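All remarks here apply to the structure that follows.
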Amino acid sequence: MVKVVVLGAAGELQHATRWIPLVVICVLTILRAGGIGQPLALLLKANPLVTELGLYDIVNTPGVAADLSHIATPAKVVGYLPPDEGLKKVLTGANVVVIPAGIPRKPGMTRDDLFKINAGIVRDLATGIAITAPKAFVLVISNPVNSTVPIVAEVFKKHGVFDPKKIFGVTTLDVVRASTFVSEILGDLGKAPSISVPVVGGHSGVTIVPLLSQSTVPLPSGFAKSDLEALVNRIQYGGDEVVKAKDGAGSATLSMAYAGAEFAAKVIKAIKGEKGIVAPTFVNLASDKASGDALKKEIGQDLEYFSAPVELGPEGVVFINPLGKLTDYEKTLVEAALPELAASIEKLGLIPIIFIGCILHWLFQVVDEEIQAINETL
């Protein structure tokens, strides 16, 4: 049985003749901004493993919670706001926390452009988690993931509660896109659910490295190199495609919510003891020293973080899978990703920028509140 907080409480439920621990999934989100939180909450509410769903945001969560609570699934839904220690209440007893909070992408923006604002938001939420739910699994969706995951880790280190096995960057959308795009090339979208393409590296632009040679369903024989390069580029920059299609009114919120729910479901299964759970995710390579060191040797660089297929267990990371056999083209993609990854990870030291981000986030809130007040008088 599972409690999901879309940011909850925990306990134990009796099932048959044995006790099954309740899993509390907390999702911290700025529902009105990024747009990921509400569809993500809906998908988590629909998950039969979830028994309680908690929501946290600066506005609207009680209403969203009331709406979701009418859906006939096992999950009890509650919503919290910042007043009266809402963040502390929703995090108390949490086993899993999902963070999609932050501003959405606009046309022309990269995930790195988001860093100046989203880093401050993530830092503050991570502080709340470190204080109230330090043993929770933390699933970071907020972009740029290559930089926000290290920020969460540094906050946990500051509070003396860092466990590299339990902090994850959610990169599932890259795998979802790769599977979908390959099925489109094959002319059969019905194959998409059965297609799995390992995507390694990171979660931004050139750091996204799809290993198409390892696809469970191969590309057509004689697939042209130019077409392969175009496919890789589409996987790497699929988010831009959505931002442009939405004409600046949003980013890839629905597909990201789907991907986030898929990864959360695997984490829940792993926590509950299901074996053989493997998922792509951006992790600290110290989360399993032996396999992490082996991967560092494989890529030829001493990076602290990297995205790869990871085996999950009740305590988090069990094993980081190697890249395996790569084509010459894939080797060049990995080589191109490494310097960008290193630069993204090092951004966690840019405290002044994070501070500016916090100020900008606050200003956006003030302006939005003023606009709402004006609208109410019209």
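Including glycine, each Cβ sits where the backbone N, Cα and C put it.
For His203 (active site, proton acceptor), the count of additional Cβ atoms within 10 Å of its Cβ stands at 30 [all protein chains shown]. Under the heading active site, proton acceptor, TrEMBL lists His203.
Annotated NAD(+) binding site per TrEMBL: Asp57, Asn118, Ile141, Ser142, Asn143, Met256, in sequence order. Taken residue by residue with DSSP, Asn143 (NAD(+) binding site) is part of neither helix nor strand, so it is coil. A simple way to gauge crowding: the CB of Asn143 (NAD(+) binding site) has 29 other CB atoms within 10 angstroms, across all the protein chains here.
Along the domain 'Lactate/malate dehydrogenase N-terminal' (32-169), the predicted structure has mean pLDDT 89. Sequence annotations record features per position, and here TrEMBL assigns domain 'Lactate/malate dehydrogenase N-terminal' to 32-169.
The domain 'Lactate/malate dehydrogenase C-terminal' annotation in TrEMBL covers 171-347.
Of all the Cβ atoms in the protein chains shown, 26 others lie within 10 Å of the Cβ of Asp57 (NAD(+) binding site).
Minimal Cβ crowding within 10 Å, among the binding-site residues Asn118, Ser142, is found at Asn118.
Here Ile141 (NAD(+) binding site) comes close to Ile36, Val98, Ile99, Pro100, Val170, Met256, Gly260: these same-chain residues lie at least six apart in sequence, with C-beta atoms under 8 angstroms from its C-beta. Of all Cβ atoms in the shown protein chains, 24 besides its own fall within 10 Å of the Cβ of Met256 (NAD(+) binding site). According to DSSP, the domain 'Lactate/malate dehydrogenase N-terminal' (32-169) comprises 64 helix, 23 strand, 51 coil. Recorded residues Asn143 (NAD(+) binding site) and His203 (active site, proton acceptor) have their alpha carbons 8 Å apart, per Cα-Cα distance.
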